[in-house]
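Take a look at the structure set out below.
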Amino acid sequence: MTVTGIIAEFNPFHNGHKYLLETAEGLKIIAMSGNFMQRGEPALIDKWIRSEMALKNGADIVVELPFFVSVQSADYFAQGAIDILCQLGIQQLAFGTENVIDYQKLIKVYEKKSKQMTAYLSTLEDTLSYPQKTQKMWEIFAGVKFSGQTPNHILGLSYAKASAGKHIQLCPIKRQGAAYHSKDKNHLLASASAIRQHLNDWDFISHSVPNAGLLINNPHMSWDHYFSFLKYQILNHSDLTSIFQVNDELASRIKKAIKVSQNIDHLVDTVATKRYTKARVRRILIYILVNAKEPTLPKGIHILGFTSKGQAHLKKLKKSRPLITRIGAETWDEMTQKADSIYQLGHQDIPEQSFGRIPIIIKKERLN
């Protein structure tokens, strides 16, 4: 049986994700972000609810990306996720993209020219952000063009880079429905951005989100729930440069900006520059919120849930892979578990996110 990996956030899970799962082949293993997202924000709903939605709509196994994989720039996000999926035996990686191109060719380009491509990055001006530098790199070495508004396409290039030398087949699937950033409600396949924008429109949500009750009936989280915590952390921290990726310049800008900022958007707009993108600033603010220091990654793979078919696959792996199905007295990943505790502080109705939780099991096989 073909084993297909998918890297996802499902923030939240919607019809476009269901389409991706239905289109992908074989047994589907999802490497999913935890309670904080790659672009630097809290998950709309917690990781367990998102896992359940995925498992009820085509996924066979959902594993958690550790905090220091989830909340990273595209290259590190892709590398960490693919490393985990390879341990779980995937043969191919399926992903949605705005531009279906020959990603397999890009893997070969990077395999042959990785040293030259990396060296080229170091020659570019420091005034450029890292995403801008990598886009120029791909344009020069592979002739790839960018519109600047295609985040899934950019992630696809990071997947190609991370897949070099791993013998993985990349399977791009054309993104259907609304564009990534679209807030338009007039689409059967509405974007996650539109869903987050219109959570109070039950008719829209019920048509856009499979198992919509799981979304509607659980706490909806955003930066608003954590901004006061963040402000406290910034104002009371003696040395912000001890936080991951915070240099002297950023520490000074953040300390100054927090005194006049009333919300996260104002703070990000004030701190961001051409060099420090808004996404990077948001990630750094997450690092400050959870007091993240030097990154370490766990050896074990945390299983969030599985179907009967997924369980059979995991049984084949458990003797040779460090699979974690319950976090008890021994920690799985200290940083992820600390981040979970802070996420839980945002709302009194969010249940325990780590200790004692066992995987969600969907025993009934899907009919499709």
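Including glycine, each Cβ sits where the backbone N, Cα and C put it.
The ATP binding site annotation in Swiss-Prot covers 7-20, Gly96, Asn152, Arg175. Under DSSP, Ile7 (ATP binding site) is assigned to a strand (E or B) in the three-state scheme. Within 10 Å of the C-beta atom of Ile7 (ATP binding site) sit 26 other C-beta atoms, taking all shown protein chains into account.
Ranked by Cβ neighbours within 10 A across all protein chains shown, the binding-site residues Phe13, Tyr19 are led by Phe13. Mapped onto three states, the DSSP output places Phe13 (ATP binding site) in coil. Of the listed binding-site residues Phe10, Gly16, the Cβ environment within 10 Å is emptiest of other Cβ atoms at Gly16.
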